[in-house]
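Now, the feature entries from TrEMBL:
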type	residues	note
TRANSMEM	A:12-33	transmembrane segment
DOMAIN	A:112-317	domain 'ABC transmembrane type-1'
TRANSMEM	A:116-140	transmembrane segment
TRANSMEM	A:161-179	transmembrane segment
TRANSMEM	A:199-226	transmembrane segment
TRANSMEM	A:252-278	transmembrane segment
TRANSMEM	A:298-323	transmembrane segment
Amino acid sequence: MSQVLRIILQRIALGILTLFIVSIVIFTAVNMLPGDFAQAILGQGATPEAIESIRRDLGLDQPPIQRYFAWLAGAVQGDLGTSFAQANFSSFVGADSGGSDVTVATQIAPRFANTMFLAGVTACIAVPFSIMLGVLAALYRNSAFDRAANIFTLSSISSPEFFLAYVLILFLAVLNPVLPSLSNIYDGMEFGERLQKTLLPALTLTLVVTAHMMRMTRAAIINLLASPYIEMARLKGLSPLRVIVKHALPNALAPIINVVALNLAYLITGVVVVEVVFVYPGIGQLFVDGVKTRDIPLVQACCLIFAGAYILLNLTADILSILSNPRLRHPK
Amino acid sequence: MSVILWILAALAAISLSGWVFRLAGQKITGNSPRFRDMPFAVAFGYALAAAAVLGGVWLWFQPGATFFRWAVQGFVIFAIAAWLFRLLGRAVGTAGTRKLFRQMPLTASFGILVILIYAVLSIFAGVIAPYGQAEVFDQVNALPGGNAATGGNPDHLLGTDQIGRDLLSRLIYGAQNTVGIAFVTTCIAFFLGGSLGFLAATLQGWLDQVLSRAVDVLMAIPSLIFALLLMTIASAWAGSEKWLLTVYMVLIIAVIDSTRVFRLARAVGLNIVVMDYIEAAKLRGEGLRYLIFKEILPNAYAPLLAEFGLRFCFVFLTIASLSFLGVGIQPPLADWGTMVRDLAQFINFAAFSPLTAALPLMAAGAIALLTVAVNFVVDWMLHRTSGLKD
């Protein structure tokens with residue numbers, strides 16, 4: 001057991017190191033911006049004094065390394081800085097409106113919860129559905145069902161998310177008004193209503209990720225079907241379904257867990273486009289808005305959160321596949 | 001609630017008809033093995049397929065199901081075209097290509113046909129398109145269909161957009177811009193990732209370590225997110241020069257995607273450099289350039305070609321997504337992602353004017369069709385080279 005613990009700790013340390021380096025990459029990339037933020041906020045006609053005072057206020061007059069560690073220390077404590085678009089710089093121009101700054105953290109927190117809700121609903125639909133389809137496709141391999149499933153999944157993997165989204169909107173929202181095409185979610189909504197409004201984006205994401213998970217499940221099971229112990233189970237006279245569910249599936253679990261986690265990680269990038277299509281108030285939409293208005297602290301923070309979630313899910317996949325495979329648990 | 005009840009009732013009916021179907025088969029054929037050994041799940045599957053076909057036929061004759069009819073017609077037309085194309089391929093060409101077409105599944109011939117059509121469209125867009133991509137006409141927002149009585153214009157088959165540009169021409173030019181830019185990007189990504197990957201595999205040592213770790217870090221950031229971050233910076237760099245932003249986008253996506261190519265090229269290269277013929281070439285005193293281009297590259301051809309197809313799909317989808325989000329290919333260049341975004345609100349008119357509602361779907365479908373086609377071809381190529389038969 002201690003060895004397993006050591007491997008897991010090793011992986012976690014590696015994950016934290018990766019996140020640290022990624023944060024350096026993000027910070028460096030943002031610092032390659034021409035000019036500086038103060039100039040960007042105030043525009044061309046700004047007086048040098050105003051620029052200077054904003055620079056001092058944002059800490060832009062310090063050297064990059066110092067700024068990086070200040071940003072990192074803040075980010076670790078949950079303080080991601082102040083959003084430019086929402087920042088209150090009126091005091092610099094002499095008109096004090098008395099409002100307070102909107103920090104990036106307060107902007108992101110509710111939206112992050114919304115995105116997690118969307119990803120959660122998607123995972124609840126997609127994971128059981130795709131594993132079931134994968135087992136069925138492996139069971140009836142090379143039949144008409146398998147071929148139809150193959151063509152269908154290949155098509156839905158390769159379609160852009162917005163194509164699937166608009167097709168679903170066309171059929172389920174416009175022609176047959178079953179589900180709302182706009183997901184205007186707000187706080188204090190009832191769970192049922194919230195679920196109903198989330199269902200269409202969740203279905204779109206399900207279509208995108210199901211295909212990949214199903215194909216991997218099918219491939220992982222079929223890979224095992226040639227092994228001697230499966231032959232043995234077959235010769236014992238077990239039914240094909242029992243051979244697959246009882247004998248092949250447990251051994252195929254490692255690659256399946258891996259691909260499920262990878263697809264959940266993919267969900268994080270997939271949500272950006274889908275959230276924009278359905279105007280879902282999630283972190284992806286916030287990110288795209290930030291990109292369009294060049295709201296640097298916001299973009300930086302969203303990027304860090306996306307990368308963190310991505311690394312975390314990959315790490316989970318890694319650890320789970322080590323735990324589920326005795327051969328990896330006891331390396332030579 | 002009633003929806004769930006309806007679904008449950010339909011499932012029960014299908015299960016029952018599956019059971020009846022199996023029983024009837026057993027009785028009629030005198031217990032032939034086909035029906036005797038049929039598991040219930042298979043019988044259920046047949047009943048489900050029959051129900052789906054019946055439902056499709058019923059839907060076909062519904063007055064409001066215009067889109068369903070179009071989808072079915074499109075599917076049938078493409079299937080027949082792919083079949084005819086395969087027949088043609090079997091009859092014409094050299095012995096090698098004829099053999100290739102004989103073993104080809106219908107999906108692969110469909111893929112090749114679609115890729116050929118797109119290639120022709122994108123190369124000869126200027127000849128095929130009735131107008132230029134940035135040409136502005138007087139009539140704005142002309143409806144598609146070309147019928148003047150219903151707000152259309154016979155000169156513009158698919159109508160015009162909000163500033164009066166011909167949509168059909170822009171759709172055709174989209175093939176040139178979107179596909180062309182994606183192709184160039186993929187080529188750059190391959191040149192970059194492939195050469196560095198082979199270099200790392202051949203030289204190994206510190207160069208390999210540095211490149212591999214750098215690629216690991218870049219791959220830890222989701223590619224679309226990283227692309228969006230870099231596009232923010234690029235848009236500040238480009239300022240008001242829109243064409244420069246497109247160039248930056250090509251470079252950014254090429255670099256991000258080259259990391260994936262690097263991984264594959266390095267892995268394939270590592271398998272090849274341990275071969276005896278590489279050892280022999282090294283002993284002959286061949287240089288690095290000879291080793292990479294004459295020894296490694298020809299042997300890494302098949303996996304790299306499949307990767308090129310897949311990579312092209314990813315790049316194409318990334319560019320389309322970026323354009324859809326408004327930070328990709330910039331106007332006045334016509335491009336499908338931007339078109340989808342601009343035309344998206346027309347989808348709400350589906351009940352009144354199906355053709356208008358189909359406009360955003362045409363642009364999005366044009367993207368989907370090409371990626372599906374490339375994926376079909378790659379799937380077939382991988383299947384053929386891996387020898388995976390079961």
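Yeah, the Cβs are placed from backbone N, Cα and C, and that goes for glycine too.
Of the candidate ranges A:12-33, A:199-226, A:252-278, A:298-323, A:199-226 has the most C-beta pairs within less than 8 angstroms of the transmembrane segment (A:116-140). Same-chain neighbours of the transmembrane segment (A:12-33): 64, 68, 71-72, 75, 296, 299-300, 303-304, 307-308, 311-312, 314-315, counting only residues six or more beyond its ends whose CB sits under 8 Å from a CB of the stretch. Tertiary neighbourhood of the transmembrane segment (A:161-179): same-chain residues 196-197, 199-201, 203-205, 207-208, 270, 273-274, 277-278, selected by CB-CB distance under 8 Å and a gap of 6+ residues from either end. Nonlocal intrachain contacts for the transmembrane segment (A:252-278), taken as residues 6+ away from its ends with a CB within less than 8 angstroms of a stretch CB, comprise 115, 118-119, 122-123, 126-127, 131, 134, 160-162, 165-166, 169, 181-183, 200-201, 204-205, 208-209, 212-213, 216-217, 220-221, 223-224, 284-285, 287-288, 306, 309-310, 313-314, 316-317, 320-321, 324-325, 328.
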